[in-house]
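**Student:** Okay, handing you the structure first.
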Amino acid sequence: MTIQIQSRVTVIRKFARDHQRKKKKTLPTLPTLPALPPLPIPPSPAKAYGHNSKSQDLISSGNSKARTSEFELKVLKGIEQMRLQMQHNTTMLQLLLKKVDLPAFQDEDEDQSCLPNMPITSLEQFDEVNEAIKNDDIRNRIIRKLGTIGGDNIKQSVRRVMASILKNDVAKKMNWLGRGGKKAFSISLLKDVLLLTVRKNRCCRDATNKDIEDAAKDWLRYSCDRDGGRKDRKQKKAAEEEQESS
């Protein structure tokens with residue numbers, strides 16, 4: 001009995017030792033796996049749909065031509081709009097010039113029989129003309145008639161208009177303020193006609209009253225020197241000096 005127990009104990013111990021040995025055994029080492037290959041690069045949309053580089057160039061060229069054509073079309077439209085605007089501006093400018101210049105030119109069909117004769121040849125006629133131009137219609141017709149005379153500047157325009165209003169013989173009997181027993185031009189209605197007429201000239205539209213009046217004063221002042229007056233005075237003075245010396 002004792003021997004059987006011992007043999008069982010021996011078997012149990014052996015089994016325990018074998019079991020512990022099995023626990024100490026390690027699993028076999030697994031081989032190292034090779035690295036995964038890199039993922040392939042996805043194809044471009046053009047290649048995906050079977051387009052090559054040549055077809056891409058054609059498409060790009062077509063788009064460029066389309067964009068160029070669109071730009072050229074916009075430029076042409078802009079030029080056409082500018083041309084139409086210039087035509088419109090030119091038409092408007094011509095209409096404005098006609099409205100501005102119309103009073104400065106005499107109507108060929110306008111009746112001139114009611115207008116006084118000018119240039120004035122006497123002081124009596126000077127008074128008659130001043131009385132006549134109290135009528136607005138007559139005054140405006142005279143201004144339109146005199147407005148065709150023109151001139152390159154204020155002084156020239158004033159001289160030409162004054163010469164059309166007064167004969168030089170009458171101008172010799174007048175001055176601006178009426179000093180020295182002469183007739184005054186500044187208080188006459190013809191002075192207003194002079195101012196309005198000179199300003200009808202494009203070159204004189206910005207002329208002030210003083211500019212026109214100063215030129216008219218000079219024209220009246222030197223009336224005695226015109227028509228050979230200065231030469232006659234020199235000859236007369238030379239003759240007097242010769243008589244005195246003899």
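Here the Cβ of each residue, glycine as well, is placed from N, Cα and C on the backbone.
Predicted automatically and left uncurated, TrEMBL annotations should be read as such.
When I checked TrEMBL for this same protein, it listed these features:
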REGION    17-65  region 'Disordered'
COMPBIAS  17-26  compositional bias 'Basic residues'
COMPBIAS  34-45  compositional bias 'Pro residues'
COMPBIAS  52-65  compositional bias 'Polar residues'
DOMAIN    118-186  domain 'DUF4806'
REGION    223-246  region 'Disordered'
**Student:** Work out, from DSSP, the number of helix, strand and coil residues along the domain 'DUF4806' (118-186).
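**Tutor:** Computed counts for the domain 'DUF4806' (118-186) are 40 helix, 6 strand, 23 coil.
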**Student:** Which whole number is the mean pLDDT over the domain 'DUF4806' (118-186)?
**Tutor:** 95
